[in-house]
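For reference, the structure is listed below as structure tokens.
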Amino acid sequence: MEFSELQRQSSTIAHGYHGAQQLVRLRSKSVVSNQNGPQFHWGSPPSEGGEEGDSGPPKDLRERPMTMRLKRAIREVQQMRVPVVTSWQSWKRSKAKSLSRFRADAGGVMSYVALWRKALHKIGGHFGGGVQSYFMFLRFLVVLNFLSFLLIAGFILIPSIVFRSTSTSNMTVDDTGPEVCNVYDPNLQGLVVFYQYFLDLLSGTGFMEYSYMFYGYYNNTVAESSGFHYNLPLAYLLTSVFYFAFCLICIITRMGSALRVAVATGSGAAGSYSKMVFTGWDYGCQGDRATKLKQKSIHYQLQVDLEEERLQKKALSLTLGQTVGLCSLRIFLMLVSLALIGGAFFGIFKATVFSQAQVGAEGILGLFWVYLPSIVITTGNFVVPLMCDQIALFERYSPSTTIIMALFRSVFLRMISLGVLLFTLWSQITCFKDSPKCELCQYNNKEYPCWETRVGQEMYKLALFDFLITIAMLILVEFPRRLFVDHYSCALTRWVGRQEFLVPPNVLGLVYGQTVVWTGALFCPLLPLINTLKFFILFYCKKVTLFSNCRPAVKTFRSTTSTIFFLVVLLFGWGLALVAMIYSLAQIHPSMSCGPFRSLTMMWSIVPNTFYTLSLTTQDFIFYMGSQAFSIPLFIFSCVVLCYVAALAAVYGKSVDLLKAQFKLEGRDKQFLVKQIEELSREMGVPTRDQLDTFDTGAAN
């Protein structure tokens, strides 16, 4: 009797549970049908999925969110069904299959032959995705600089070598201008000491000054032969412009892919917690060290979020007097930081002026004077951020805001220090104070007979000195520190410890180096090649010091390890270099004694001069492209397309919000049903899952 009563209670609970399941299933079906969720047309061919009926792009059966049993059933139905299609549709489907297969194979091959593929996987497995993002960013810059060098070599370097080796009467070189302004002879006369070549290699003078490395070696050659016409000055200018455009396209393309990932992951505190808890674990971690590091990283991220929420609540509870005092303190500390940065700028200005005055010095002392601006810039970039970090401790910002402010100050210091160097050079080249030195040649010809080469030498020294400092820090600081910490056990070694591999400062160093290259590419065409070799060697140096000397930073911050942040800072450096290039092209008179623009009043003058040599039909077409009859309809069409894209994005945003709301409602419904089942189980005396787990644990013990 008791057994039959227990069976009846169990069947009642089962019917109730299955009824609840049926209710959830019916409700989910109705919701999916209303929201146009992922459906499948059983009559569609295997490779096309829902091409005929779906409004979106076709999906392969493997990409659909279905169970394996359902996919196998669909595959069997498709194989039994013989669709009636035309020859055009059959050809179209076969080509689509071949194209998709080719794309998949090409993607697999490219991922297999990608530069440093295994090394990046190893770094990501041992140190996490944050450190791996730095090395992936470094790889992106290596590829970008190498492709840029190929562009410059194809249109500037190789034609110049060919024209010099096959000089004929069909090539013309224009050397017009006053005789005083045409004096430029960088070649050394007579014998020199043996170590002078090494000093020339470091400073870019001597045998390197008059070579393909710098602007002054290139001629304003115009080659004509059997219908072939090549204008080297025009090619030099257009290649520099296309070089900047190519870099911008690469940055925006990479940024767009990163933004798509950021938009897909969403934002908000609740979403951040959910992603961190359910999808934050990195299954590529290898070894106990990487596992413990990832655990500490997730723990710190949760701790930072909770700390920020606590500080926000505390800020809302401050009185008016406390708020005014806090704001006053922050304003005062900000002024102190700006004063430090301003002092660094003043030091760069004075060092540059003094260095330019000591150009004629020789030997080791002369090398020190020419490297003085680079030394002051590097010292300021190292010392000032450390002092600003100490000031930030008293500003009482949230952890994320503190890191953002530190990064902003570092970026501002590095970029503007380069701008101060350029401003100092241009002030001496162009004579802002209307000095008599610039009356005859429109620039300071006495001190800067080929000022473009001088600017290129400064950028060359900055890039080389930055690389030498990195190698010196690796050999003289990081390795001895690791040996000292590993082999001596005392309070000092425990306090110092192994250095942390901090991603943001390393990324800012890469951005600074790339900005130097962009700034000097117009005056030193081979600088992208030098930067390619520099970053290539830097990858292995950083990899060695990462695995041998460093411990990854436990306190990570999501925004600093984001690809979007890296590319935004890189885009800022690109903008600074673009301003420098535009000013050089359109404002400063080119040198009359060297370079491909020696006979022009401005570098940009080669474009209108070449334009008026074209045929009348080509001129009329280009004029029409720039006229109102073409530009106004193009502007209207662009506005219409922009409005359409904005409306489409708004609709997609609303759809995403509706889906998020739907997921929340479904979660609440499931919680409600689970509570109902638990209450019904307690009323009927059936043990719950927790009670069964407790019983199993006790029986096991």
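Cβ atoms here come from the backbone N, Cα and C positions, even for glycine.
Keep in mind the model is a prediction, meaning the values are calculated, not measured.
TrEMBL annotations:
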- 34-64: region 'Disordered' (REGION)
- 140-163: transmembrane segment (TRANSMEM)
- 234-252: transmembrane segment (TRANSMEM)
- 331-349: transmembrane segment (TRANSMEM)
- 369-394: transmembrane segment (TRANSMEM)
- 406-426: transmembrane segment (TRANSMEM)
- 450-559: domain 'TMC' (DOMAIN)
- 459-477: transmembrane segment (TRANSMEM)
- 507-530: transmembrane segment (TRANSMEM)
- 564-586: transmembrane segment (TRANSMEM)
- 606-626: transmembrane segment (TRANSMEM)
- 632-652: transmembrane segment (TRANSMEM)
Cβ contacts under 8 Å made by the transmembrane segment (369-394) with residues that lie 6+ beyond its boundaries:
202-203, 205, 329, 333, 336-337, 340-341, 344, 347-348, 351-352, 354-355, 358-359, 361, 402, 405-406, 409-410, 413-414, 417-418, 421, 458, 461-462, 465-466, 469, 505, 512
For the transmembrane segment (406-426), I need the partner stretch with the highest count of C-beta pairs below 8 angstroms, choosing only from 331-349, 459-477, 564-586, 606-626, 632-652.
331-349
Counting by DSSP secondary structure, give me helix, strand and coil numbers for the domain 'TMC' (450-559).
83 helix, 6 strand, 21 coil
Could you tell me what the rest of the chain brings near the transmembrane segment (140-163), counting residues at least six beyond its ends with Cβ under 8 Å?
115, 171, 212, 218-219, 221, 223, 230, 232, 235-236, 238-239, 242-243, 246-247, 250, 254, 510, 514, 517, 521, 525-526, 528-529, 531-532, 535-536, 539
Of the stretches 234-252, 331-349, 564-586, 606-626, which racks up the most C-beta pairs under 8 Å with the transmembrane segment (507-530)?
564-586
